[in-house]
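Below is one structure, written out as structure tokens, with a few remarks after it.
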2 protein chains.
Amino acid sequence: MEGVDYLADERKKAGFDVDEMKIVWAGSRHDFELTDRISKLVANDPGFSKEGRTMLPRKELFKNTLRKAAYAWKRIIELRLSQEEATMLRRYIDEPAFTDLHWGMFIPALKGQGTDKQQEKWLPLAYKMQIIGCYAQTELGHGSNVQGLETTATFDPQTDEFVIHSPTLTSSKWWPGGLGKVSTHAVVYARLITDGKDYGVNGFIVQLRSLEDHKPLPGVTVGDIGMKFGNGAYNSMDNGVLSFDHVRIPRDQMLMRVSQVTKEGKYVQSDIPRQLLYGTMVYVRQSIVSDASLAMSRAVCIATRYSAVRRQFGSQNGGQETQVIDYKTQQNRLFPLLASAYAFRFVGEWLKWLYTDVTQRLAANDFSTLPEAHACTAGLKSLTTSATADGIEECRKLCGGHGYLCSSGLPELFAVYVPACTYEGDNVVLQLQVARFLMKTISQLGTGKKPVGTISYMGRIEHLMQCRSDVKQAEDWLKPSAVLEAFEARSARMSVACAKNLSKFENQEEGFAELAADLVEAAVAHCQLIVVSKYIEKLQQNIPGKGVKQQLEVLCGIYSLFLLHKHQGDFLGTGYITSKQGSLANDQLRALYSQLRPNAISLVDAFNYTDHYLDSILGRYDGNVYPKLYEAAWKDPLNKSDIADGFHEYIRPLLKQQLRTAKL
Amino acid sequence: MEGVDYLADERKKAGFDVDEMKIVWAGSRHDFELTDRISKLVANDPGFSKEGRTMLPRKELFKNTLRKAAYAWKRIIELRLSQEEATMLRRYIDEPAFTDLHWGMFIPALKGQGTDKQQEKWLPLAYKMQIIGCYAQTELGHGSNVQGLETTATFDPQTDEFVIHSPTLTSSKWWPGGLGKVSTHAVVYARLITDGKDYGVNGFIVQLRSLEDHKPLPGVTVGDIGMKFGNGAYNSMDNGVLSFDHVRIPRDQMLMRVSQVTKEGKYVQSDIPRQLLYGTMVYVRQSIVSDASLAMSRAVCIATRYSAVRRQFGSQNGGQETQVIDYKTQQNRLFPLLASAYAFRFVGEWLKWLYTDVTQRLAANDFSTLPEAHACTAGLKSLTTSATADGIEECRKLCGGHGYLCSSGLPELFAVYVPACTYEGDNVVLQLQVARFLMKTISQLGTGKKPVGTISYMGRIEHLMQCRSDVKQAEDWLKPSAVLEAFEARSARMSVACAKNLSKFENQEEGFAELAADLVEAAVAHCQLIVVSKYIEKLQQNIPGKGVKQQLEVLCGIYSLFLLHKHQGDFLGTGYITSKQGSLANDQLRALYSQLRPNAISLVDAFNYTDHYLDSILGRYDGNVYPKLYEAAWKDPLNKSDIADGFHEYIRPLLKQQLRTAKL
Ligand SMILES: Cc1cc2nc3c(=O)[nH]c(=O)nc-3n(C[C@H](O)[C@H](O)[C@H](O)COP(=O)(O)OP(=O)(O)OC[C@H]3O[C@@H](n4cnc5c(N)ncnc54)[C@H](O)[C@@H]3O)c2cc1C
Ligand SMILES: Cc1cc2nc3c(=O)[nH]c(=O)nc-3n(C[C@H](O)[C@H](O)[C@H](O)COP(=O)(O)OP(=O)(O)OC[C@H]3O[C@@H](n4cnc5c(N)ncnc54)[C@H](O)[C@@H]3O)c2cc1C
Ligand SMILES: [Ca+2]
């Protein structure tokens, strides 16, 4: 069996240089080498085995995660990994853990909201993991509405302390990852009260557990909130509940970068603009978009490989059956997801650039692009995470019955992924923010304020309201300009239609509330345009490697024409295309599927995922699916014995009609 | 806390008689009383508690399911429950178990495919559960393509036996529920080979385990296939793997209703038409559609109640925040699902009638309606299960972060439900069958063969190809005739367009393969029309109870106008409506949401679900969500101790920088 490759024929078909594509996917040769090296390091280390993950009871699962986290840290130190390498190592361990929050939220919060002095004190401790921190914002009663948080931090000038308190049940912190069983510290968001006045929500560094025996400190009630979706999935994380009974912290543990409380209890704003805080948000969201492309590509890799292995129907004269990947319905469900993985990858890359750009501007006190950057990251976070969650489940269905087994990897991938639609901003709430930005942009058209960045097409509103698609034959839809104008016109017209309808309301807020569903559709149209346009920009770059650019063009066409077909109502309804042009787009889409087909396996190989990372029998690199499925089944605890535990008590009396006297 | 009802105000708002609606939902007063009585019986019996279900390791979970099954059987006997009552009891226990397959597939297969003599022998044993059976069709290598099964049943005239054998790894039976650890018998589907000739797939009764010690019989290898999606979910079921090494069964264990093998090994067809077998399929699928309405309504009930409890944003002057159910985006996601629950309920009811009708016709040798009945049940199975799977996940997202907790009930509901999209026919494969039927119908138009039943609208094809919507104002969309014609015209035109495109291909099969994705869309349009039209028919009946009919009309409007909006591209593209008429439909839809809003809670109360059945803290009847969430968290095994298991080995060395020497 060793060395077998059931997908070898598929791999031979590729019309492009897979190694070059790997570099495009990774972002650079450096990134390719980094991810390749670290992912293999993890895959080859038995200390990071995923074996049995979906079968462990919660406590064992969690304990194993603690072990992995400690072991990872040990390896990081032993191998002297850089921060970049360490981050990759944690990614490829591929299991939610308290360290995600420590590195991903606690430290960034200290950096973003702490004064220099606070950073000097706390960061070294955090960097060495002498303290472990989490991000405690959400409460039982408030998530989306952060301004509604109920936890209080009341300043007591007598002792120069804040009193952190949970006045109600609903004010209990609820959800923070790493909080339940591990964190020694938290950045706690609480209403700042001083001098009898409520100054709204601010962050505070609060110690929760003893650094000696790990016991919760007096006044601190803390625990895990219980089982979440899926088997292993997110249950390796101790999302926690926390409440305070008048817990006192020194005044200097208020995060004071943008506002302070003096010894006398006076509230003062620093001269550092509040907007600086948005930089962090842009950063976090860009990483969520890039994670979306990771999750989507993993699911697609599994479904694509299995679709080439799986054969069903269509055998002629006793020959082999048809590979299910050759069915047009399968392609129509799968290939747009493959295209989305690439599209999200590129828009994620661009967001990294945007983050740098925003950071530089902020440093130079230029806040002009912030609203646009904010809307665009919010919208892309929402768009890509929703599409990815749906996409993973579609990939599972594409694998038929076998996709329902944990050993397919897809149930876990789904269960662990879906909260991305909720955390860091509920996806609908985010699109409503985008919609607000769109309406504001439109209301300012003609006032001389020029729309910038991703919204600059609104500057050509007059043209976009009138133009018509000039597509005459299917191939015309391959022209980037044709596609781009279509998405611009659709988005502009949907926004303008909303603005018109809004203007009929006396009260704008009431209008916004009433038309919210339409506004969300307009926001989605705008975000889809961003993804399409960034993909098209990417294609204007020089992309080396035989056939690589051509493949990316095919994928770009599939991504955009699939959306055009799916949302045909928008394109037709706004009058930009005719129904004939819509059908031509669909014809072209089918043709692109046929072009993609021979390259499908190689396009997912280009993700360069190890079998360890995929953790899917259906998605194995070698396609050796059936023997491995069969083998894996026998590992289930139920198969430890021929006769089921419970046979004597419950099955035998049933069969023997002896239930009357049985103890059940 | 006892007796509190946080939703009392909501309940007061209802503009209709909830008790009468309960009867409409149940189907009849008899059905209401039956479901009410049995669901409460189960809810009040601690033997059927669901406590801890998502936290149990596989083995304990499974053992507990065995206990519940035995206990249920004991209660069924003690209480002398009728078959109808016993079925209800099993439904409300609400946990997949081997008994589902025994009663739902094994016994029906015996009845449908066994001769009278075989039924006389086997049914009494099965009815008393002296044997336990399952339905072993799917193999590792073949699911959708039943004709491709590889297991063989070779007749040996020497001994008058069949030799059941698994010639390859992929011929192992794989997936049958109840097979892995419990069933003593199976109906095994295998290729019938006699006299050296392969007569295709037939069913055989095969004993798998000893009735004494439950050990697998010689030549039988059997086990569980391992963990599936979700925590508890479907893991209470022993979906199994099974292979045969030349296992011999007597000739009379071939199910011989439609074909036989004689002692001499001659294959003969009986005079009973093969079509009779389709009756069972119609029956099974109608029950899947009715289960879809159950699952959808449970999810909707949870999300609706919680959306009324949950408040976020919009507090004015320190008052209460807005109930999230008042946000139009929330309504736009939730109310169409509520409407779908009712719509699926009614179409399921109609399918019951169809089943009776088909059965009577078959008995009278009238096969004329069979193709239509077959297409319509296949399509409705596909449509309703796909919509329900998506709908449950949408309900989970509608609950924000808290929906991700198992205690919300929604993750389990999703994980346990999704295979309905795959079993009893993969949903895409089924829609392709519908599409074939549609193309055939169209090709026969004008040949004098009149389309009947749900496809009869095709008889008015000329009108449907030309007519235009005459809607002038939003309210016009309330007219059933306006909606019906829109759905008929859309469906007819999409089918005709496919037929036209097909005719351009020289080879029809190639054309069908190439256009498969469009064909599936046409099939979906046809199925949506069926649901809409059956709902409209339902409203033409006399429906008693104050305001009941009005509410059902509102829901019907929401169901159809939501679909119209979602698939606006179809309606516009086929030229039946203008984009103005599309917007009017959307305006009317919004107005209907407002009409529905005050009735929402009562409309889900009408499902009459016990808290036990819902098993959701967010969906509690009394709306007492927060204290109960808080309480439940502490039951997680991780909270048994303040200090995590693993602290000393993994957390302390990390904090103390002592990893170098730690054993990890
Ligand atoms: C796995 C996971 C990990 C998490 N980790 C952390 C963490 O580390 N730290 C932390 O502090 N928090 C964490 N959270 C909490 C998370 O940030 C919140 O769940 C999230 O912000 C959503 O808020 P919510 O749950 O209050 O949703 P809600 O706001 O209650 O949403 C419920 C529904 O109401 C709708 N809605 C709400 N407001 C509006 C509006 N204005 N208009 C229209 N519709 C509206 C939403 O769209 C949704 O459908 C985590 C959550 C999860 C699931
Ligand atoms: C929870 C569960 C319980 C089950 N219980 C039982 C049981 O009790 N007894 C039993 O015998 N079986 C059972 N099954 C098996 C079930 O019946 C099969 O999984 C189902 O029939 C689908 O077949 P498949 O898995 O082979 O999917 P496949 O046919 O392999 O589907 C894979 C993909 O190929 C596509 N595809 C396949 N053929 C075509 C085509 N011709 N055209 C276009 N696309 C195509 C599908 O759409 C799908 O996307 C169960 C399955 C599950 C998940
Ligand atoms: Ca478990």
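Cβ coordinates come from backbone N, Cα and C, glycine included.
Per TrEMBL, the feature domain 'Acyl-coenzyme A oxidase N-terminal' maps to A:17-132. Positions annotated as domain 'Acyl-CoA oxidase/dehydrogenase middle' by TrEMBL: A:134-235. Annotation source TrEMBL lists FAD binding site at A:T138, A:G177. Marked as domain 'Acyl-CoA oxidase C-alpha1' by TrEMBL: A:278-439. Annotation source TrEMBL lists active site, proton acceptor at A:E424. Among the features that TrEMBL reports, domain 'Acyl-CoA oxidase C-terminal' is placed at A:480-656.
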Using DSSP, what is the helix/strand/coil residue split across the domain 'Acyl-coenzyme A oxidase N-terminal' (A:17-132)? 87 helix, 0 strand, 29 coil
Integer Å distance between the CA atoms belonging to the residue listed as 'active site, proton acceptor' and A:T138 (FAD binding site): 10
Cα-Cα distance linking A:G177 (FAD binding site) and A:E424 (active site, proton acceptor), given in Å to the nearest integer: 13
Under 8 Å Cβ-Cβ to chain B, which of the recorded positions A:T138, A:G177, A:E424? A:T138
What average pLDDT does the predicted model assign to the domain 'Acyl-coenzyme A oxidase N-terminal' (A:17-132)? 97
Give the sequence-ordered list of residues that share a chain with A:G177 (FAD binding site), lie 6 or more positions from it, and have CB atoms under 8 Å from its CB. A:P96, A:F98, A:D100, A:L101, A:M105, A:C134, A:Y135, A:M237, A:D238, A:N239, A:G240
Around the Cβ of A:E424 (active site, proton acceptor), other Cβ atoms found within 10 Å total 19
Reduced to three DSSP states, the domain 'Acyl-CoA oxidase/dehydrogenase middle' (A:134-235) has 9 helix, 45 strand, 48 coil
Protein Cβ atoms within 10 Å of A:T138 (FAD binding site), excluding its own: 20
